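As structure tokens, the structure follows; a few thoughts come after it.
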Amino acid sequence: MFLTLTILLLLGFPVAFTLMGTALFFGVYFIGWNFLNLLPLRIWGIMTNFTLVAVPLFIFMGVMLERSGLAQELIESMGRLFGRLKGGLAISVVIVGALLGASTGIVGATVVTMGLLALPTMMERGYKNELSTGTIAASGTLGQIIPPSIVLVLLGDIIGVSVGALFMGAVIPGLLLVLLYCIYIYVKATIHPEDAPPIFDGDNGKVSLATTLGALIPPLFLMVAVLGSIFAGIASPTEAAGVGAFGATLLCILKGRFTLKVLGEVAESTCRLTSMVFIILVGAAAFGLVFRGLGGDIFLRGVITHIPYGKWGVLFIVMGIVFVAGFFLDFIEITFIHIPVLAPIMKHLGFDPVWFAILFAINLQTSFLTPPFGFALFYLKGVAPPGVTTPEIYR
């Protein structure tokens, strides 16, 4: 089943229909038509899952924030604030990427927005193309791990753990990634100053406190409203997602960007993205049902538990498989194909489900960055100026 599924995905067939088609073929051929009687219950369980209501709400929040012009203000103010540092503009891009990731949770929107706003500026200031594109692609994917992340919502549902626990567990790893990115940029700019020159000299780099706070307060307000309500136990992740959607709309109104046309476009984008996620969920449910019906989970557990070097050897190999899969598959494909099979095995070996989910999410972030099918690289190439080549983005 996995071999057939992988080949079809690499040939470019849609994920949802590939999952369903593979499940139907193997289910009917090896089990019989009776297995179809179980599918309605699986689908009903997905559609009535209260946690998954957070998905369209977080998507709405992210798309609405994209239309609010928040990113442009953040990049301008952070660029002036850190401009005198070695690699200051790149560091500001990382911080803005983290703030946008914590506000939207949508990788594609963040990478495209940062590529449109920050990449031309970095090139004008003499930044090397490889460093500029790498910084934008890496910082744009921080929304994968920094809550409220849609990936964490999906992982929480698939693994069966609290989304709030995943959000709390992801905060420190996400901030550590931001810190490591900034340290790398500073060290690289120190060793190779020609790659990342400071962008302001003298008094030109001064920025008022009011300007900085004016750019920082909106995303911080949204983060506190969403995450604070979850961590304080005031609201569930689904209810907090509703707060975030309302807050994003309010920010868009305050910035004068809100119109009925914008609302319609945001609603349409939300419906499209939500439909994609849920149709894949249905396909993954069918695939998982047939896989277990054929005894695949028992076979795989037997193989994995006999890997040498104990449970840590198993973890290393599993993370390696996920990392390699990221070279060829999208994060949604990896999540819905691998997690339903691997999560019960890792739990059986004694790993904490929340810890494993966070580790998986961090590993999953690389699926956006690893060629040849790194989607963040494709997003960035689509909005990059003509002078930026694909090999430069890959490097």
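Cβ atoms are placed via backbone N, Cα and C, with glycine included.
Annotations in TrEMBL come from automatic prediction, not curation.
Some features that TrEMBL has for this protein:
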DOMAIN    3-385  domain 'TRAP C4-dicarboxylate transport system permease DctM subunit'
TRANSMEM  7-31  transmembrane segment
TRANSMEM  43-66  transmembrane segment
TRANSMEM  87-116  transmembrane segment
TRANSMEM  136-156  transmembrane segment
TRANSMEM  163-187  transmembrane segment
TRANSMEM  207-234  transmembrane segment
TRANSMEM  241-260  transmembrane segment
TRANSMEM  272-291  transmembrane segment
TRANSMEM  312-334  transmembrane segment
TRANSMEM  354-380  transmembrane segment
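In summary, the transmembrane segment (43-66) lies against the transmembrane segment (272-291): three or more C-beta pairs, each 6 or more positions apart in sequence, are under 8 Å. For the domain 'TRAP C4-dicarboxylate transport system permease DctM subunit' (3-385), the model's average pLDDT works out to 77.
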